[in-house]
Amino acid sequence: MSFKMDREEYAQHYGPTVGDSVRLGDTNLFAAIEKDFTVYGQESKFGGGKVLRDGMGVSATETRDNPSVVDTIITGATIIDYTGIIKADIGIRDGKIVAIGRGGNPDTMDNVDFVVGASTEAIAAEGLIVTAGGIDLHVHYISADLPEFGLDNGITTLFGGGTGPADGSNATTCTPGKFHITRMLQAVDDMPANFGFLAKGVGSETEVVEEQIKAGAAGIKTHEDWGATYAGIDNSLKVADKYDVSFAVHTDSLNEGGFMENTLESFQGRTVHTFHTEGSGGGHAPDIMVFAGKENILPSSTNPTNPYTTNAIGELLDMVMVCHHLDPKIPEDVSFAESRVRKQTVAAEDVLHDMGALSIMTSDAMAMGRVGEVAMRCWQLADKMKAQRGPLEGDSEFNDNNRIKRYVAKYTINPAITNGIADYIGSVEVGKFADLVIWEPAQFGAKPKLVLKGGMLTYGVMGDAGSSLPTPQPRIMRKLYGAYGQAVHETNLTFVSQYAYDHGIKEEIGLNKIVLPVKNTRNLTKRDMKLNDYAPKTIRIDPQTFDVFIDDELVTCEPIHTTSLSQRYFLF
């Protein structure tokens, strides 16, 4: 005899199912369940008197020698990923996702995809949301506290450059030369996050960049503060092509070495990742945004300009002055800062993101951006665009899935593809490392509940350890066991060039983390950017008014006074 439950009661017990929608934080975005892999009446739920007990949902006989037995089951999760919005159990074994479907005991349950045994831990995610760990491709390694602040917003992978608060690192995302690359690789070896380092892309000879890739850099960054010249870009791209590493550029704001067209010519159709493609973070003034329409360019934004608010412009001017070592007493320095900040291009940037013309969201951490706000700003922007532009094509009432999948891709899979690490991380898919973020729907985008790194709980909301339960206040984000000891080395990744990997960089400099090579970075086009592959035929910026036109139509939006995911969640 079957037992019937009404939809509301079912959702309270087992989480939403097909036909239900979940509101994301205090935004007006609703994620609708597209498919439910669990079986009604046979859900694998943990707890006293529930299913995951010996001989019921837990196999009484299967040992870990059976590869179908997982180390961890995340039960009844609502998964939000570029691949879809689904309800499923997630099986994790040896630090990787091995199954997404239905977990339990095959002796008592039908159609089980993976086995829960005596060796299996359970994380109850009924009513919770699971996303892939976020990836920030634009981090200035200035403070050693950056990984912790990133984890606060579900960012588990950092790419960038720097050596600490040196002026070169304050301004540019480059870790220059073998000495600094080696020492920084060693410095982050005990930090609970994945890391990659960008070499300094300058010089009229390829050898000056090549030696940095051999030393373990996982990509190349050309920055105007070190000189973004035609020769420097061309030679850096030659090295990138030779060693299969990503190439990123912060172009010439002052147009000293050439204009936007000259830089575009220096690319020669080769794959390029353009930082802060709007321009306030730097780049050809006023028309760097033209790059967002080129097939060989993978364009990203930095989060201080997203979403466009009434306070954005004033904040940006101050940030430019501090970040780029400018003197407010020197008129030319002030003019330099003012040339980079244009409300018209900031307004257009929001719309280009919503159209899928800007593919990636990053932070520019500590150098005009905030590492702990990458995911949050993404969802604030998505919410703003829904309010100002309405539903995307295919979306409907209580179903914003197309927009949600577009925006989650901006800080998960697309940065992974761009920097050659998508085989390892960047999505909730079988075979990838279990870098996962678990959210309560009411806190989604603002504050994670738990962060897993390589299948181990590493960071999360935790109460007073001196109390009788884990729930008493103060409940704040704290390091968990995965952030300590040898566990850090077994659950976190360091990315290097294939050359450095093949030549034993891990052993040479004594790294303990899992070291992996980046790959497949050089034949990418805009079409490889998941759900964010729109390349307008023409993007034109009026040199006098700075108005932005896409295919001859003005693109703009209004600033907002308040955002979602803001003061309702934070004291300051």
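Cβ atoms are placed via backbone N, Cα and C, with glycine included.
Checking the candidates Asp364, Asp383, Asp395 against Swiss-Prot: the one annotated together with His138, His140, Lys221 at the Ni(2+) 1 site is Asp364. When the alpha carbons of His276 (Ni(2+) 2 binding site) and Asp364 (Ni(2+) 1 binding site) are compared, the span between them is 8 angstrom. Those residues of the chain, other than Lys221, His250, His276, with a C-beta within 8 angstroms of the mean position of the Ni(2+) 2 site C-beta atoms are His138, Thr172, Thr173, Thr222, His223, Ala248, Val249, Thr251, Thr274, Phe275, Gly281, Gly282, Gly283, Asp364. His223 (substrate binding site) sits 13 Å from Asp364 (Ni(2+) 1 binding site), taking the Cα positions as reference.
The Cβ neighbour count for His138 (Ni(2+) 1 binding site), using a 10 Å radius and every protein chain shown, is 33. Mapped onto three states, the DSSP output places His250 (Ni(2+) 2 binding site) in strand.
Of the recorded residues, His250 (Ni(2+) 2 binding site) and Lys221 (Ni(2+) 1 binding site) place their C-alpha atoms 8 Å from one another. With a cut-off of 8 Å between CB atoms and residues at least 6 apart in sequence, the same chain places Gly160, Gly161, Gly162, Ser169, Asn170, Thr172, Thr173, Asp364, Ala365, Met366, Ala367 near His140 (Ni(2+) 1 binding site), listed in sequence order. Least crowded of the recorded positions (Lys221, His223, His276, His324), judged by neighbouring Cβ atoms within 10 Å of its own Cβ: His324.
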